[in-house]
Amino acid sequence: MMFQDSVAFEDVAVTFTQEEWALLDPSQKNLCRDVMQETFRNLASIGKKWKPQNIYVEYENLRRNLRIVGERLFESKEGHQHGEILTQVPDDMLKKTTTGVKSCESSVYGEVGSAHSSLNRHIRDDTGHKAYEYQEYGQKPYKCKYCKKPFNCLSSVQTHERAHSGRKLYVCEECGKTFISHSNLQRHRIMHRGDGPYKCKFCGKALMFLSLYLIHKRTHTGEKPYQCKQCGKAFSHSSSLRIHERTHTGEKPYKCNECGKAFHSSTCLHAHKRTHTGEKPYECKQCGKAFSSSHSFQIHERTHTGEKPYECKECGKAFKCPSSVRRHERTHSRKKPYECKHCGKVLSYLTSFQNHLGMHTGEISHKCKICGKAFYSPSSLQTHEKTHTGEKPYKCNQCGKAFNSSSSFRYHERTHTGEKPYECKQCGKAFRSASLLQTHGRTHTGEKPYACKECGKPFSNFSFFQIHERMHREEKPYECKGYGKTFSLPSLFHRHERTHTGGKTYECKQCGRSFNCSSSFRYHGRTHTGEKPYECKQCGKAFRSASQLQIHGRTHTGEKPYECKQCGKAFGSASHLQMHGRTHTGEKPYECKQCGKSFGCASRLQMHGRTHTGEKPYKCKQCGKAFGCPSNLRRHGRTHTGEKPYKCNQCGKVFRCSSQLQVHGRAHCIDTP
């Protein structure tokens, strides 16, 4: 018979994790083994002569024996540092309750609770001994029915299986969070207390357990002792390595009961379940924002404190979260650990890799509950959802501008600092973001990895590919609340919004002119510098922007992909189609504030505005004459070059500008009877 009030070994043992055990030298490990052998002999004797009245006497003997381990290590000169850590374990950590059945079956100890101890496992690993000369110890007869992981204790396998089923029996009284085991609940309660005997010398954080302290310390030291045999990637603790290994094997043992989706780890499953329940148990005390995971909550807190504990070893730059420092470090190493099995493409980031995979499989599993729009990755969905709520949690301290994603915020910060950390190895040009560098790189290679499934057209830029796809779907998800106008891109939507607010955040230092979007500002800057970085390979003509080069390219190919549905007329660019559409509708949305005159396009309004201001920013390099619009400068330039590109089909006469050809054409019409 099994004693109902028996004391299992794990109730009284001071156990070592793999990390803690690694700190001990061989003599200290032998000392631990000798003391723990004595402990087992005590347990065995209790098993033979078990009497309820002797429980507490024997329990005190066990406690005394276990404490000797710490004391002897502390006295050892060699183990002084490690002994100091061990003797920090407070007395109350050993005073665990003696009630409740916590025994496991063992062919050696019979009715006595077996020693399910991390220490014993590490003694076997490091010394090669069978645990305390008992051959049967170390067997793991209990296997998880979901993932087949072996355990040497029935209660352990039952606790583990709850991670798969999602059953959580232990509830935190303070915040209502639930856990699969009592030990996990106890560890969680410490978060509410905010105390612990192990204080980090780097950041002052106090931790309750030595194992947690050692793992936490690695976030500062950068130590990563667990390495993946397949790809060489290293991790700070073994559980992270196990989860990572599943990305190679494809194993996803944790399944959602509600939608059937499977995950690599139980934490991912629990975080996913909250997308069904809407639960966000972690609330920020400063701003009230709630989070579904403690990790996201901790990173958010740093936006208030300004703490950046993760530092790049190469350049010293600090970051709020480990994923950001890893992403940054790849800019130094150019490492791309994620390889696509479909096309062989290698990517630097897991999110980019997941997005890329979705393009091959067509799987778009993350759907917006408000508008039904689907996304390849959860991060893209989260960013999109903020367009509905209007939430912009990332605020620039310099100009006050707010953003709905941290990446947009980081990119914006560089407009103030001028930082361009991503440099092209071929031409030396620098960029503010890795994605811009990647897109630029394709101008050298000619690579166009994004192909439209409907018409087969390839693109070098993913955002251009998305814009093009919306042209087929006629999708315009971004709507102006004031006028009801819809847009296919958030950038176009935000640019339009500024026409209402009058917000112009980008000012030219040379002429004082301000712009409401960074691309217009950059394009304008080239009118001063004369820079034209985009050159046509067919005729050598250069342009200030990639879009201009693309539109020009169609004059060679004759391609006109934008067709008017009303009259069938086709155009080489979307803007020209849009402008043409207004000839049917009569719409003139751009109004001059000085005289009230309206125009069908922004550029016409801009040129008209110069008739009021007298501004003539386009200057002829040969004679110094200035003009209000670029077309007039081009026309004037032909008086110097003698170029006459407009030819009459009837008589062959040539002209400098299209208007002269049109006037001449009318003369033929009059002559015709």
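Using N, Cα and C of the backbone, Cβ positions are placed for all residues, glycine too.
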Swiss-Prot annotation of zinc finger - which of the ranges 75-97, 282-304 it falls on: 282-304
Among ranges 19-41, 226-248, whichever one Swiss-Prot labels zinc finger: 226-248
Annotated range (Swiss-Prot: zinc finger) out of 50-72, 142-164: 142-164
Outside the zinc finger (646-668), six or more residues from its ends: residues with CB under 8 Å to it: 635, 638-639
For the zinc finger (562-584), distant same-chain residues with Cβ under 8 A (at least six beyond the ends): 471, 547, 551, 554-555, 600-601
Tertiary contacts of the zinc finger (394-416), as residues 6+ beyond its ends and Cβ separation under 8 Å: 303, 383, 386-387, 432-433, 505-506, 518
Reported mean pLDDT - the zinc finger (282-304): 80
